[in-house]
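Feature list (source: TrEMBL):
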DOMAIN    B:17-81  domain 'Glutaredoxin'
BINDING   B:22, B:59, B:71, B:84, B:85  glutathione binding site
BINDING   B:30  [2Fe-2S] cluster binding site
């Protein structure tokens, strides 16, 4: 299974009403077709009343194997359905690479 | 001899506004660290930073201690606030400046005189 498919499968535990996993590795200094940098946008009722830091920690816990292995960066944008609607379905852009940490 | 975890606890305990990042505020080595530290600097208060590229022990141990696998990490008043995505979102909705200004005001008397 690809890293992307594995991330998508594991995040089903959060019962997302919307899940978007984007491979942004091509924006970084890694070989072609790498699976190292991802952006996850996840909308779930589960995040209601939960601080952002806790939402992220829940996702990190589910993806501990990926983060300990192939995944180098993971941009997370977790929202409740209400927050997602208020944003009009817009997710933020990830920053550009600065070439460090290789 | 203190362990890495002791060092981390001391850094977090002694610095009310602390960012662990790749590179320095003047020369960030990662886009995520650059974005986060820029938001933090725009709040106009003094803060501490640790360059984890110069501190491989902290880079290895802090993610376990924090339940947070990546950098940057912003710690305010001994609590993890979050990484780049949270910092930038809080910056955009004004919460970051409120938090940083309130924390700086709360601690302005307990910083040792230089």
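Glycine too: its Cβ is placed from the backbone N, Cα and C atoms.
Note that the structure is predicted; figures quoted are calculated from it, not measured.
Secondary structure from DSSP puts residue B:85 (glutathione binding site) in a helix. Rounded to a whole number, the C-alpha distance linking residue B:84 (glutathione binding site) with the residue listed as '[2Fe-2S] cluster binding site' is 11 angstrom. In this entry, B:22, B:59, B:71, B:84, B:85 make up the residues listed for glutathione, with the farthest two CA atoms of the set 19 Å from each other. Note: B:22, B:84, taken in sequence order from the binding-site residues B:22, B:59, B:84, have a C-beta within a distance under 8 Å of a chain A C-beta. Shown are the binding-site residues B:30, B:84; of these, the residue with the fewest other Cβ atoms within 10 Å is B:30. Note on residue B:59 (glutathione binding site): other Cβ atoms within 10 Å of its Cβ, all shown chains, come to 18.
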